[in-house]
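Undergrad: Here it is, the structure, as structure tokens.
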Amino acid sequence: MPAIACDVKVLDHQRLTDTIRLMTVSWPQRDKAPKAGQFFMLRCWPADVAPVLSRPISVHSYDPELAVVEFLYEVRGKGTEKLAALVPGDTLSLVGPSGNGFNVAEAVGKRVALVGGGIGTAPLYQLAKELCEAGTKADYFCGFRDEPYGMDRFTKVCGKVQLATDSGRFGFHGFVTQLLKPEEYDLVLCCGPEPMMRAVAKLCDAAGTRCIVSLERKMACGIGACLGCTCHTETGGKCVCKEGPVFDSKEVFGA
Amino acid sequence: MSVSLKVNLLGKEMAGPVVGASGTFGFGEEYAGMVDLKKLGGISGKGITLIPKAGNQGERLLETPSGLINSIGLQNPGVQHFIDHELPVMETLGTTIWANLGGGCIEDYEKGAELLNPTSVDFVELNISCPNVKQGGIAYGIKADSAKEVVSRVRAVCKKPLIVKLSPQAEDICQMAAACVEAGADALSLVNTFQACAIDLEKRRPVFNNIFAGLSGPAIKPIALRMVYQVCGAVNVPVIGLGGILTGADALEFIMAGATAVQVGTANFMNPRACETITDEIAAWMEAHGVETLDEIRGCARV
């Protein structure tokens, strides 16, 4: 399903922490329903105003009943600072939904763990919802540097929920990889900082558990036209925005 | 009043003056759901080479305040793969097809051009200006003598209209243009990206593995326009202007400087509909100023 370009309305915009925002926008195009793991290119500034590029942000939640898409994102630089200034009623330009997304059908009926780190937890909520709707409650392991966010929603659609923080102020003091026992699962679906995903992939590899990761890259077009986000794999260059961002960990991190 | 945006380029009729620039428009399919491609003059596909290329390792993109530095490195599936897989899709898009052909050695250029001869490609755009691959053609884009050699050798085997895409790194852009025309180029397109650099402060190293990479976007527009103006005065073949075009007004500047048509690249990343938007803006300007065809204003700013 090819991406479309359209302007949508901002309906709600919440500040969850100093740097984390949850933005709700209208998405009336039911025939272009975004799937878990897909993303949009977001822009709310003119073409001749910096930054030059739009910002790729994953779908945190899509609700076909309310016809809304939610974006959970971190304010990190010039683009996300501009996004953070949007208020309800403002217009946001979207290109998408882009990317392959997670293969939910493959996970249904299996013992599934979702592993998220920081803002990498964002796409896992839509994934947990789709899995839950299909009758599979995944366990959710999340790691944050300090204050966690967005967790309460996961409890409704997941089985076990476990938290680790670097600071130790919340949940387990340490890395999420110290909580995860991949041998207890058939499938681990992971999104977070690349060192974390590599560590999860290594654990899964040792346990013989299939590990799926969602990558983050700088992107220019977000639709597979510019090849700016290519990831080099053993089977050749893969376009993260079009052939990804979801890959088998072995394909992108090696065995 | 009825405005006509049609452009005749080397005997082929194009629906409009705006062509999607190579490297920013994939092979067109990606934009099909967002842009009315039939309004475009054409699509210049991602640069292809005889031998497939994996492209560059490391960082590939960096934003500047009004530009984009890229180091893609001509990642492409090869000429034969293009002919077998991407070209059939391009044929369905309803616009002219530009095959952007890069190469390492002259023999690769020749073989690539020969493979394209029996295909539906409308124009071969010879890329002697990719700054991101040592063997990507820039070697031929700096010195007029080198350019002349590769263009004449390709001309001898190429049966398609041949457009040579020039680099702003050329020692003398007018000499370069004249040399390419003398060697048999039917038209010229310019400019490709400007060689640029960025340093990562934390790593204390260049951002890009190749140290230098190509700058595009609005930052380069005034310089690109200067070069197009100069080249339009130096040769008597059609010139396709490009470099940082963001709006209909930008495109009209190139046309008033003498360009037959324009290409739009980086703007597609800011607005995926940019080629169509710019086409509409040109039409609106013509309408507002009582201009019926682009021929009426092409080169009108030349003094």
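From the backbone N, Cα and C atoms, a Cβ is placed for every residue, glycine too.
Fair warning: this is a prediction, and the values are worked out from it, not measured in the lab.
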Undergrad: Quick check: of A:C211, A:C241, which does TrEMBL put in the same [2Fe-2S] cluster site as A:C221, A:C226, A:C229?
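TA: Given A:C221, A:C226, A:C229 bind [2Fe-2S] cluster in TrEMBL, the matching entry from A:C211, A:C241 is A:C241.
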Undergrad: When the Cα-Cα distance from A:R55 (FAD binding site) is computed for each of the binding-site residues A:C221, A:C226, A:C229, A:C241, which gives the smallest value?
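TA: Checking each of A:C221, A:C226, A:C229, A:C241 against A:R55 (FAD binding site), the shortest Cα distance is to A:C221.
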Undergrad: Please report the number of other Cβ atoms within 10 Å of the Cβ of A:T80 (FAD binding site).
TA: 18
Undergrad: Around the Cβ of A:P56 (FAD binding site), how many other Cβ atoms lie within 10 Å? Please give the count over every shown protein chain.
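TA: Looking across every protein chain shown, the total is 24.
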Undergrad: Measure from the Cα of A:C226 ([2Fe-2S] cluster binding site) to the Cα of every one of the binding-site residues A:P56, A:S58, A:T80, then give the nearest.
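TA: For A:C226 ([2Fe-2S] cluster binding site), the closest Cα among A:P56, A:S58, A:T80 is found at A:P56.
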Undergrad: For A:C229 ([2Fe-2S] cluster binding site), which of the binding-site residues A:I57, A:G79, A:T80 has the nearest Cα in space?
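TA: Result: the closest of the binding-site residues to A:C229 ([2Fe-2S] cluster binding site) is A:I57.
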Undergrad: Going by Cβ pairs closer than 8 Å, show me which of the binding-site residues A:R55, A:P56, A:I57, A:G79, A:C221, A:C241 neighbour chain B.
TA: A:C221
